[in-house]
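As structure tokens, the structure follows; a few thoughts come after it.
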Amino acid sequence: MISRRCLGPPSRQQTPAAVTESQALPTLLSSSVSPVKQFYLNTTSQCVPYVVKFCPCHPNPCHNRGTCEISETYRGDTFIGYVCKCPPGFSGVHCQHNINECERNPCKNGGICTDLVANYSCDCPGEYMGRNCQSKCSGPLGMEGGIISNQQITASSTHRALFGLQKWYPYFARLNKKGLVNAWTAAENDRWPWIQINLQRRMRVTGLITQGAKRIGSPEYVKSYKVAYSDDGKTWRTYKVKGKDEDMIFRGNVDNNAPSANSFTPPIEAQYVRIYPQVCRRHCTLRMELLGCELTGCSEPLGMKSGHIQDYQVTASSIFRTLNMDMFTWEPGKARLDKQGKVNAWTAGHSDQSQWLQVDLLVPTKVTGIITQGAKDFGHVQFVGSYKLAYSNDGEHWNVYQDEKQGKDKVFQGNFDNDTHRKNVIDPPIYARFVRILPWSWYGRITLRVEILGCTEEE
């Protein structure tokens, strides 16, 4: 096949000296061969201006920005002299047909596909996001684990019992909290109670888990509630029934202990989330967890807690053995968030700033956050108070994460006790296969339980 584009006049070197207007036209008109075909087969020209009327690509017959190319092409017995190169999303002889991209079912996890012109979009369920609904966004945001601090939780009122000795503060409203006073309860005279979470930055909130509690042996819980959200803590919007200007009323709990989950479709994107109990059994008593992720969607646990990251992928600079006994070896493979047992974390064999805990993610991965936690060794509280972060793609050449404003190694704030989760967001994120936590300060011995947050592919 001979193929040339109709791009205008050729360069001086390309134009055959023998071809002129007076010579070309008679030759074309007297030949029994198609004028267009003969002209392009006997010259190297690409639509010489004075014979441009014979170029089949002028005007462009291709639709939707298709590219016309001169070609020795037939349609049946007819020589047409061109082909149309269609852009993505279009097909047909003249690129006149819009391809239905939804036919190949690109939307995952229950997403609904809408075909667009040369494109498509996915309407994702609340707990998923991404172009193809491929990224899950339903992780706990930190009420139960403690990433959300007490100062971030406020309420309209607090119930006081036993002559004011028992105070059911809002920061007790943590899912599965234990103890005699283990939830938030609104004051009896509070006619419009609410509890509020300040996430400290805009986040994507895709669901809420609620739970009641017992107070003085009597079950109390929230039967139904509304949800409002805000970016500044002043201007609030109530979550609506989809497609209607009507406040959504969510079903709550039916007893004091079983968790009840509701998802938000579409999800909420806000810094502040407020729950308004509507119907309560006895007093409005609540324990809860918010579900969601960072706005980027790339903040899912990569597998330390779940075990998806296997023991052989986790290594360390040294290992401590309590009483020098093998049965009390604090190995790096035990450095898993919320791990239980007598030996339930990694502890370094030495207490100095040359220690490290390393995770091999096996492939280059986008890392957007770290959650750390301490532990106890026979009752002794141990944790890392601050740390640096290093990363590598080959395990040999390392970069220490930098504080861009100060132009030096960034020191992340760690834990202040042995059990509370401490989350640090890595912004800008790291793209690496290997991640190392470099303890910088500690209490007791260097002891860590961790989770790494991120995603294995770009949105």
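Cβ coordinates come from backbone N, Cα and C, glycine included.
What TrEMBL records for this protein:
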type: DISULFID; residues: Cys86-Cys95; note: disulfide bond
type: DISULFID; residues: Cys124-Cys133; note: disulfide bond
type: DOMAIN; residues: 56-96; note: domain 'EGF-like'
type: DOMAIN; residues: 98-134; note: domain 'EGF-like'
type: DOMAIN; residues: 137-293; note: domain 'F5/8 type C'
type: DOMAIN; residues: 298-455; note: domain 'F5/8 type C'
Using DSSP with the three-state reduction, classify Cys133 (disulfide bond) as helix, strand or coil.
coil
Would you mind splitting the domain 'EGF-like' (56-96) into helix, strand and coil residue counts from DSSP?
0 helix, 15 strand, 26 coil
Restricting to the chain of Cys133 (disulfide bond) and a gap of 6 or more, list residues whose Cβ falls under 8 Å of its Cβ, or answer none.
Cys107, Lys108, Asn109, Gly110, Gly111, Cys122, Cys124, Pro125
According to DSSP, which kind of secondary structure is Cys124 (disulfide bond) found in, if we only use helix, strand and coil?
coil
Disulfide-bonded residues: Cys86, Cys124 - member with fewest neighbouring CB atoms within 10 Å:
Cys86
Could you please provide the mean pLDDT value for the domain 'F5/8 type C' (137-293)?
94
Enumerate same-chain residues with a sequence separation of six or more from Cys95 (disulfide bond) and a Cβ-Cβ distance below 8 A; give 'none' if the list is empty.
Cys62, His63, Asn64, Arg65, Gly66, Cys84, Cys86, Pro87
